[in-house]
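Taken verbatim from TrEMBL:
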| type | residues | note |
| --- | --- | --- |
| DOMAIN | B:13-301 | domain 'FAD/NAD(P)-binding' |
| DOMAIN | B:328-392 | domain 'NADH-rubredoxin oxidoreductase C-terminal' |
| DOMAIN | B:431-477 | domain 'BFD-like [2Fe-2S]-binding' |
| DOMAIN | B:567-629 | domain 'Nitrite/Sulfite reductase ferredoxin-like' |
| DOMAIN | B:639-775 | domain 'Nitrite/sulphite reductase 4Fe-4S' |
| BINDING | B:C648, B:C654, B:C688, B:C692 | [4Fe-4S] cluster binding site |
| BINDING | B:C692 | siroheme binding site |
Amino acid sequence: MQWHLICKQSDLVIDAGVAAMVNGQQVALFYVPEASEQVFAIGNWDPIGKANVLSRGLVTHLNGQWSVASPLYKQHYDLANGCCVEQEAKVPVWPTKLVDGKVYIRQSN
Amino acid sequence: MILTASEKTAKSHLVVVGNGMVGHHFVEQLIAQKGHEAYQITVFGEEPHLAYDRVHLSEYFTGKEAADLAMTDGTLYDQHGVRYFTNQQVIEINREDKILRLKGGESLSYDKLVLATGSYPFVPPIPGHQRDNTFVYRTLEDLDAIRDCAKKVTRGTVVGGGLLGLEAANALKNLGLETSVVEFAPRLMPVQLDEKGGDVLKGMIEGLDVKVYTNTATQDIVDGDDAFHRMNFADGTHLETDLILFSAGIRPQDALATQSGLTVGERGGIAINNFCQTSDENIYAIGECALWNNRIFGLVAPGYTMAKTAVGHLLGSSDFTFTGADMSTKLKLLGCDVGSVGDAHGQSQGCKVFVYQDEISQSYRKMVVSEDGKKLLGAVLVGDNSYYDTLLQYFLNAIDLPEQPQSLILPAMGDAPVGLGVDALPASASICSCHNVSKQDINQAVSNGAVSVAEVKGLTKAGTGCGGCAALLKKVVDNELLSLGVEVSTDICEHFAYTRQDLFNLVKVENIKSFKALLAKHGKGHGCEICKPAVGSILASVWNEYVLKKEHISLQDTNDRFLANMQKDGTYSIVPRIPGGEITPDKLIVLGEVAKQYELYTKVTGGQRIDLFGATLSQLPAIWKQLIEAGFETGQAYGKSLRTVKSCVGSTWCRYGVNDSMTMAIDLENRYKGLRSPHKIKFAVSGCTRECAEAQSKDIGVIATEGGWNLYVCGNGGMKPRHGDLFATDLDDATLVKYIDRVLMFYTKTADRLQRTSVWMDGLEGGLDYLKAVVIEDKLGLCDELEAQMQRVVDTFQCEWKTTLEDEEALKTFRQFVNYEGEDSNVVFVQERDQVRPATDAEKQQLIAKVG
Ligand code: SRM
Ligand SMILES: Cc1cc2nc3c(=O)[nH]c(=O)nc-3n(C[C@H](O)[C@H](O)[C@H](O)COP(=O)(O)OP(=O)(O)OC[C@H]3O[C@@H](n4cnc5c(N)ncnc54)[C@H](O)[C@@H]3O)c2cc1C
Ligand code: SF4
Ligand code: FES
């Protein structure tokens, strides 16, 4: 597992997502200043809608959990653990850190 | 794995053989009942995967992956100390010493044993049945093999025209094969359907280009002339095909029972009692391998009931028993509805039958009723399953039939409601048969505090199996909430204890300009996908600022955020405004050129404009740059805002036109094009009473008269069409615009989130007369304000795409990836009728396979 530098903090959009490519895998990055994690990284692939779109969903805060609503069919994916709230489905999640205005995520190799 | 016969733990050792749907459900139930505290549990499954959803197996061909179908990833087992082994077949039970032997040679002891070994597909011993390119349809591995073969061949045949056979035929068709079905019996689905029903189904399926051979016995399978196989039939004819899929029924997997001398049925199946115990009291059998009362149950719901029963008994309760199960089914096979309830064949003593058949729309319905005509005993439906839920409830709950029982299968005439009110269902009525949830269970969940279908689902699992009960479930939940006097909350969401109308007023009166400010003052938490776009829309209606301004960007639904409509594959469509549908040849050429340059699929919309599909996120700005340079503006097809003003050519060209509808339509479209509203708004203007623009089906409809314009309001096409109400007649241009200003602004101020004008009008107390009083007579003294507010929107109009192209920050968010220049490799197009379209999952797989 190692930290990868992804982009600058200024590439992120407050309370919304952007997509990044990390080791050939699409990652959705959400910048949520109010959350203790600040930046969340989950897979960009929506396993229910079957498209790489999660970075383009709305960030929501429900029952104390941060999640993203898929822009296709509106299921929520928990940003902290990747689990879909409504259905049995799951997307990968990766640890992130924000240091000196730079965004890193941790992934194997 | 090291397990020995002598291994002992303090707890009794419970072993489950088979990790299919029922075996897994058993473990789940056992854990839910804290059975893992009483037993050390070990599970063996022969397949390489842990339990997966076999019922939805076919979706493996339409995009689902093994992980999507998985019923567990093992976490549940790990968390509760359940040991599990895949790829492990149990091959022997030594009942005397209570020891199991595995294929690998290891053995282990058990105290209690549960057999959940399911069944295996029956392959008729036709000579040639073991040739290459022959398959069965039961496991993920079977489907992998079928898919691999289908890539290389063109023709496929299913042997067996039962439920599963037709599902398999559908799968072959989806894989792109020319498909045939060969059935030995005289009709399709012989178990569920009667002769006539089978005929109708056959007709429908043949209409879908699947060849159906009924009454056809295959004698042998040999090398084909122009295909891989040739199937020779008993009547001397033959069929050439490349791939054969056997789906001729299932047989209970009872090998272990036979080997160890447990009682099995004459035609297979492990005999069980009402507690699901086999002839050895320490061994249980559940699911498709079990034989109860000489019957096998080839559906998942009875298996689940057996699992629950066995769990109860193992934990020392005799409360649960298995006493048979309803085998009614409803399905969509190759797109055809088929339903079968109870005694479909009318075999009960003295029963009577009603039949309805419609050869035009191809449907067939039969009801079997008791001799006295009071009770429903069975039913067959082909072509339209909307009758199923009601019939099933009459059957399951033995409800007295209405006086004219045939009304239950006759097509609905007029507005008469068909079906059974939920009130009429007894408490014991089974609502979800997959999880055996009754009306009473649902009501219990509601009285325990569940206030939505989602919460009831969470508590009872109702609706989480095949999904067939969803509509009924919702009715029961709503009905129960209502009867408890639960006021269905009008708060827009958990973040704001206000209606949309309240929020609109707060924003306006308190001069609030951002979501954060509104939230800080009147809300709590951080917002969600309900309140964010709703407030975004309110802020736009009131202040009309650029929607991608920094503080608004995170409020926008994806379509608004990227100013385009997202399509199923994550690409976007582009709809420039074409006011009134009038367009110059030069502009048409520009659209054609742009579409050609970016290879966009092009279509004339239902709203008289042109839609360009298939642009990727990062292409949007460049495309819009060209369109704007050519004089186009955004069509806001993405917004909850004015869509189109449809028009006919009007008096300028048409010999009947009495007024210039074209000019009026263009003027109206340009006036209201910037308005963000609770939902989309559509207009139309017709040049005379012939109404070629269909104005009466629009939110705002205008029809030219000898004396000016007639104004219609609150019409709707779409899901629930509504004719517009005639609001005022013979208006001059200025009054027409004044009234429209007022009506639309009043709607924008007072409607609920995502409420079209039609629904708003239907819910408006006082209705049309009240709206007239407000708008024409100024009953509320609001008219000046409404007009001023509309004027502000008109004056502050900006083309959002033009603004975006001038805003470096906003443009940055249109990058596909923040750190990489490439495109999304999952966006794949194929050609159809000389244009692109998104590739289907099957096509993608083939394309990727060819590349890789
Ligand atoms: C493109 C178009 C179909 C076409 O190929 O012709 C279309 C496409 C969509 N319609 Fe429509 N509708 C289109 C004309 C219509 C019409 C016909 C009309 O406008 O005269 C109607 C019936 C008239 C009406 O609305 O009263 C129509 C009634 C709907 C409805 C049902 C609304 C209702 O109140 O019942 C929806 C669903 C909704 O809005 O919730 C819908 C939703 C949609 C969505 C947004 C579905 C979606 O979420 O993807 C589609 C967006 C496609 C896109 O990316 O542009 N569309 N839709 C038409 C675009 C017209 C335009 O130029 O803007
Ligand atoms: C394509 C398809 C569509 C279907 N559609 C529906 C539907 O719409 N509605 C419905 O109700 N039902 C449907 N069914 C039927 C449903 O899937 C079964 O009723 C259900 O899966 C039965 O569960 P089970 O656990 O008894 O058997 P299975 O799911 O077959 O599980 C048995 C498991 O035990 C394993 N096993 C067997 N012997 C051993 C051994 N000696 N050692 C270790 N492991 C062993 C097997 O490998 C298997 O994994 C469908 C089935 C198929 C194939
Ligand atoms: S009718 Fe349905 S499928 Fe067709 S465009 Fe409208 S929403 Fe899409
Ligand atoms: S009946 Fe299948 S989920 Fe309810």
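The backbone N, Cα and C atoms fix where each Cβ goes, and this holds for glycine too.
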Other residues, Cβ within 8 Å of B:C648, B:C654, B:C688, B:C692 Cβ centroid ([4Fe-4S] cluster site): B:V649, B:G650, B:Y656, B:G657, B:S661, B:S686, B:G687, B:R690, B:E691, B:A693
Listed binding-site residues adjacent to ligand 4, that is, members of B:C654, B:C688, B:C692 whose C-beta is under 6 A away: none
DSSP three-state assignment for B:C648 ([4Fe-4S] cluster binding site): coil
B:C688 ([4Fe-4S] cluster binding site) - helix vs strand vs coil (DSSP): coil
Annotated stretches the domain 'BFD-like [2Fe-2S]-binding' (B:431-477) and the domain 'Nitrite/Sulfite reductase ferredoxin-like' (B:567-629) touching (3 or more Cβ pairs under 8 Å): no
Most Cβ neighbours inside 10 Å, all chains, among the binding-site residues B:C648, B:C654, B:C688, B:C692: B:C648
Integer mean pLDDT for the domain 'BFD-like [2Fe-2S]-binding' (B:431-477): 82
DSSP helix/strand/coil residue counts for the domain 'Nitrite/sulphite reductase 4Fe-4S' (B:639-775): 52 helix, 35 strand, 50 coil
